[in-house]
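One structure is given here, and the rest of the page talks about it.
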Amino acid sequence: MPNITVTSLLAMKHKGEKITMLTCYDATFAHTACQAGVEVLLIGDSLGMVLQGHDSTLPVTTAETAYHVACVKRGNQGALILADLPFMANATLEQTFINSTTLMQAGAHMIKVEGAAWLGESIRLLAERGIPVCAHMGLTPQSVNVLGGYKVQGRLEAQARQMRADAIALEQAGAAMILLECVPSELAEEITHAVKIPVIGIGAGSATDGQVLVLHDMLGLSITGRVPKFVKNFMIGQPDIQSAIQAYVSAVKDVSFPAIEHGFSA
């Protein structure tokens, strides 16, 4: 696979070619995902739940994330490496810059931050200094205590209107990509068409420019046994993990995943 860059992802959006993303935390799975054709490897703070066993993403630190970024880098074969900025790692502009720099030096190609229009100043700061940023909107797990749990966001018209405006504002601030989590499919489609940058969805319908899933979820691995509505177990019917990931890539590319039952209505 040729090296995937921010420019590559933008070209894929313009050509209508779906982008595939998976969470990844180590060299072996990075190698396997690349062999299967995954374009973006996300070192998500989801590692706090699926690797460390926490009940939320909040305990994850920048140092822990950087460790896993470095692991993924060693097994990567051309995918773009996207790293989460953990909870409160962007509490101030100075912290945002220092922690983002740490992740980039560990091997990330892009940083993901959770929030809304208020992220504009941070995104502008990073973009102007050569650090590409993905803005994570909708259900933002780091804000789970404010949101009252893991709930669909943007169902009310006022919320939807604000989310559309925020997406445009963050693009104007310099965001290179947007990730929408658990928002109504119709709203996700509107936002995808409203911005020129790639929009990746998880629980956001099939009209976004690409999809992401947590690796453990799509392999049917769970400590709790609770499976989010937007997840499909791609291990079913497959002989090995690489085949399962290839099935995921193919399903995203031909838009057979996500199906209607994996999305949410307004």
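Numbering starts at 1 and runs along the chain as displayed.
Cβ coordinates come from backbone N, Cα and C, glycine included.
It should be emphasised that the depicted structure is a prediction, and the values quoted were computed from it without experimental measurement.
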If I go by Swiss-Prot, which of D45, D55 binds Mg(2+) at the same site as D84, E114? D45
Based on DSSP, name the secondary structure state of D45 (Mg(2+) binding site): helix, strand or coil. coil
Can you give the largest Cα to Cα distance in Å, as a whole number, for the residues D45, S46, D84, K112 that bind 3-methyl-2-oxobutanoate in the record? 13
Sort the recorded positions D45, D84, E181 by C-alpha distance from K112 (3-methyl-2-oxobutanoate binding site) and give me just the closest. D84
If you count CB neighbours within 10 Å, which one among the recorded positions D45, E181 has the smallest count? E181
